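Engineer: Dropping a structure here in structure tokens format, bear with me for questions.
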Amino acid sequence: MIIIKDVDLAFGNDVLLRSGQMRIDQQIYGLVATNGSGKTTLLRTIAGLLPLKSGEIYLTADQTNERLPTLVKKKNLFYFETGEWFDGNLTAADYLKFVAKQWQGNSQLIDEAVDFWEMRPFLSRPIRKYSLGMKQKTVLALYYVANTPYWLMDEPTLGLDLDSQARFISFMKAAKQRGTSILFSSHQNDSLLSVADTFYILDKQQLVASAELPREWGERG
Amino acid sequence: MSYVKILLKKGYRRRSLYLVLILLVGLITLLNWNNERNATGANSLLNQTELRIKDYNGYIKQNKQIASADSPAVTNLVRQRQYLQAMVKALKKGDEQTYLTNQIALLTWQKKHTLADQLAKIVSIPGMTNTIAKMLLLAQKQAQGQTGVELEGYEVRGSTFLYRTIQLYSPVILTAVIIFVLTPLVISPYFKRLDIERGLPRPAAQKVLLRTGVSVIMGVACLLIFYLACFLVGTIRHGAGSFAYPIFVYSRDRYWLEPLWQVLAKILVLQIALIVAISASMQLIAQLTRNGFATLFLSLILIIGSYLLIDQTSTSALTPLVPTYYLGPTGVVTGTFRALTKNAQISLPGGILVNAGYSCLVLTAVWYGERRGERA
């Protein structure tokens with residue numbers, strides 16, 4: 001389980017979150033917030049990409065609840081924010097092999113991900129030649145080949161066409177069946193939020209958990 | 001795929017890298033052409049020797065006015081002119097071995113008579129005897145090793161052109177190319193101002209060391225491409241030359257000759273130590289700026305700028321403690337700077353020690369900066 005305890009977040013002088021609490025454990029969690037309220041900053045902080053100023057974020061062992069070392073947390077958690085992170089001179093194949101090796105994947109998972117996201121035609125092409133949708137499919141394939149028990153995803157359907165969005169829902173459901181815990185952010189009125197079991201709403205510097213997406217959030221945007 | 005492989009791919013898959021390498025080869029070709037122009041033009045050995053003959057003609061004429069034609073002074077000058085004429089003849093035929101044989105005969109004769117001959121004593125300048133002895137030693141080695149002879153400073157053959165290009169141009173040109181090649185590697189952990197490699201499940205120390213290792217591989221590849229390009233450009237246009245070509249090496253108060261390959265091997269070792277230091281500096285700059293262009297620009301300014309600002313003949317004991325002092329590797333490994341400054345610390349081991357110590361310090365700072373992320 002990933003525990004987020006008493007976390008304060010700020011972006012420059014703007015306070016984004018005060019004393020945030022969160023637990024991520026074998027469910028799909030939808031993170032909902034207005035633009036600029038700190039969703040990405042929160043995801044980056046949980047992933048360890050931004051230094052934590054106050055509070056605690058840690059991973060506990062399933063059975064004993066013992067706090068695990070940071071490196072173990074990193075090995076069990078995968079976060080690839082956006083297709084912008086890619087080096088345009090490398091290929092999807094390069095990144096899939098790299099992520100599989102560095103996290104917990106293998107070559108069989110690479111083949112499965114490539115087939116699932118229909119990536120064969122562009123697999124060995126430099127990423128600078130990809131469309132936004134191709135990049136996003138590659139990002140999602142990376143999650144699959146990382147094979148970690150925890151996924152953090154920021155706007156994972158960005159740039160996907162309708163077919164791929166439908167495929168994404170089955171992708172998420174299959175991941176949940178395998179026991180993967182997922183925290184993903186999406187637009188407030190996004191139908192994709194239907195795959196979430198629990199919602200975390202980041203509003204007015206507070207993080208609130210809810211079993212259902214409150215109506216006013218569903219209607220906004 | 002390992003972290004090392006992906007870093008290497010980020011380095012060599014860049015299209016602009018190949019453009020820079022093509023420009024480098026073009027520049028090297030131009031330098032070789034420039035040397036050739038000098039070696040065959042007014043400064044050429046042939047031209048210089050012919051001018052010396054003209055000088056001797058003048059001396060002989062003057063001496064004949066004040067002494068008889070068979071006086072020792074006139075006989076000496078005529079004898080020297082004969083050697084010079086034989087040298088010109090050999091050069092015109094392209095027979096360098098005969099040129100050297102006559103040069104050795106001339107220098108041996110001059111060395112013997114410089115001290116004995118009263119006239120030579122009067123006209124001699126301080127160090128003249130030493131200069132003749134040095135030239136003789138060089139000519140003897142050149143003849144003995146059949147290395148051929150070239151105009152000093154404007155060598156054109158593969159091996160010797162390589163050495164001279166390293167001496168004159170590697171500190172700025174090669175360093176700039178290495179900085180350009182290493183930039184994508186050292187900036188790789190950062191996207192805009194975000195440290196994206198903090199998520200990679202590896203300890204910070206390991207990431208820093210692997211990145212440094214890959215930088216060294218890429219940097220050495222640049223070095224070898226530079227060496228190879230110089231050698232091939234020279235070889236294609238003027239022949240390979242000889243790696244046994246004698247190079248003067250100095251200690252504080254004496255000198256000797258070492259074969260070119262031995263000097264080049266020492267230069268390579270020093271340049272590898274320098275690449276580690278350059279990589280360490282660039283990683284620190286990348287960590288502070290988190291921007292590719294800023295890293296490239298600042299690295300060029302700080303590394304090459306500090307080299308250009310350093311007076312390598314300064315007698316200050318602190319100057320050789322600056323790592324970029326050693327960017328001019330030939331002056332260090334041949335002991336030229338050591339002899340000029342009378343500073344025994346300026347040496348290959350000294351250069352390695354300074355750069356290794358500096359690299360350790362800077363890499364520790366880089367590691368400390370990255371380690372902060374591990375706590376999150």
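Glycine is no exception: its Cβ is also placed from the backbone N, Cα and C atoms.
Just lifted these from TrEMBL, have a look:
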type: TRANSMEM; residues: B:16-33; note: transmembrane segment
type: TRANSMEM; residues: B:168-187; note: transmembrane segment
type: TRANSMEM; residues: B:208-236; note: transmembrane segment
type: TRANSMEM; residues: B:260-280; note: transmembrane segment
type: TRANSMEM; residues: B:292-310; note: transmembrane segment
type: TRANSMEM; residues: B:346-368; note: transmembrane segment
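So where do these features actually land, and what's packed around them?
Structural biologist: Non-local neighbours of the transmembrane segment (B:208-236) in the same chain are 3-4, 7-8, 11-12, 21, 24-25, 28-29, 32, 155-162, 165-166, 170, 174, 177-178, 181-182, 185-186, 188-189, 202, 264, 268, 271-272, 275-276, 278-280, 282-283, 359, 363, 366-367, 370; each lies 6+ residues outside the stretch with a CB under 8 Å from one of its CB atoms.
Same-chain residues lying 6+ beyond the ends of the transmembrane segment (B:292-310) with a Cβ under 8 Å from its Cβ atoms: 171-172, 175-176, 179-180, 183-184, 186-187, 278, 281-282, 285-286, 319, 322, 324-325, 327-328.
Long-range Cβ contacts of the transmembrane segment (B:346-368) within its own chain (Cβ-Cβ under 8 Å, at least 6 residues beyond either end) map to 204-205, 208-209, 212, 266, 269-270, 273-274, 276-277, 279-281, 283-284, 287, 320-323, 325-326, 329, 332-333, 335, 337-338.
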